[in-house]
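Listed features, source TrEMBL:
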type     : residues : note
TRANSMEM : 36-56    : transmembrane segment
TRANSMEM : 77-97    : transmembrane segment
TRANSMEM : 103-123  : transmembrane segment
TRANSMEM : 135-154  : transmembrane segment
TRANSMEM : 174-196  : transmembrane segment
TRANSMEM : 203-231  : transmembrane segment
TRANSMEM : 243-262  : transmembrane segment
TRANSMEM : 274-295  : transmembrane segment
TRANSMEM : 301-322  : transmembrane segment
Amino acid sequence: MEGGNSPNLQLQQLPLATAAVSVQPHTDSFSYKENLIGALLAIFGHLVISIALNLQKYSHIRLAGSKDPRAYFRTKTWWCGLFLLVLGELGVFSSYAFAPLSLIVPLSAVSVIASAIIGIIFIKEKWKPKDFLRRYVLSFVGCGLAIVGTYLLITFGPNSHEKMTGENITRHLVSWPFLLYMLVEIIIFCLLLYFYKEKNANYIVVILLLVALLGSMTVVTVKAVAGMIVVSIQGNLQLDYPIFYIMLVCMIATATFQATFLAQASQLYDSSQIASIGYILSTTVAITAGATFYLDFTGEDVLHICMFALGCLIAFLGVFLITRNRKKSVPFEPYISMDAMPGMLNMHDKGIAVQPDLKASFSYGALENNDSMPEIYTPATLPIVQEQHGSKGVSAPPYRVLEHSKKE
């Protein structure tokens, strides 16, 4: 009897064992609620960050246009902007603990939308309705596309959820897909850094790719740190795991180097180009990192993945149109054209541009170092001679200083 009943017992126990290791279904209403909470926190955080940055910029502009001797950090407007900036960053940071990484990262387009709307509202110039629409039609179209893309991202975003415990993060960290991804990313990063530092490849794509690769590790570690903090607050302490502090150090280090490369890019290129290209590259690389480390798209059907990709493309196009319409700032150049001096030979005639040497002083010379130039050009001088009457054999110089008496 025992031998006859043992197969039935094994068959009855098999579903129980399978159910123990099954993943939580994606149709759970609570998981969708977590996605919504995370998305709302991210949208709120990016809106507040945009308002904070514009407040701080307004504080700088107002001080620059007035005779107020105070420093910017002594104004209430600047401190209000700083408070809102910290509040917005906390909102974005906490959003990673609720929703998948691949859903939160593309929502940074909200900050671009908010900045465009704030810029249009607070513009001081008066436009006629036709001129206003002609001037800002791309901004309106871009905002509309970015909003549609954001809606698609929230609706068809990945719905994978797991508790960010120390064991789960360690398991993801040593998984072969992520190790292979890290190997490829390190090789690409080293190659880009070599061309940027040694070959002087100061292209915007190279710099922003370095920022995107560092940013992908930043968001991976941010989600791990935020998730472990939330789990600890819920009662399951995770702060005693070494992986928490490893992720915390990696988060701070990658964010610091990312800010360094962004500062270098801002000195070479326009902010609108950095905003559009940086958003596209950073979002693409971060989604790839999230799909590799946290397996965000595991179990998702093809329709949801395609609609999510479509939402990303629409958001990319919207951000590109918004930043495309921004007026490019013309830097001030203390440059005096030598053509204004009549009869004077200048270096433009030889095909060489003359600009002030901004690195040292405002003396005129070649701005760029050119190894083919045999000598450093110095400012041209005029020969000044007194007019000598009665000297018939001496040829007159091209430039003279004539002295006139009071009688004349």
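All residue numbers here begin at 1 and follow the chain in the order shown.
Placement of Cβ uses the backbone N, Cα and C atoms for every residue, glycine included.
When each of the listed stretches 77-97, 135-154, 174-196, 274-295 is scored by C-beta pairs under 8 angstroms to the transmembrane segment (203-231), 274-295 comes out highest. Long-range contacts of the transmembrane segment (135-154) within its own chain (CB-CB distance under 8 A, at least 6 residues past either end) are made by residues 35-36, 39, 43, 103, 106-107, 109-110, 112-113, 116-117, 120, 127, 307-308, 310-325.
Scored on C-beta pairs under 8 angstroms, the neighbour of the transmembrane segment (77-97) with the top count among 36-56, 103-123, 174-196 is 36-56. Proximity of distant same-chain residues to the transmembrane segment (174-196), defined by a Cβ-Cβ separation under 8 Å and at least 6 residues beyond the stretch ends, is recorded for 202, 206-207, 209-210, 213-214, 216-217, 288-289, 292-293.
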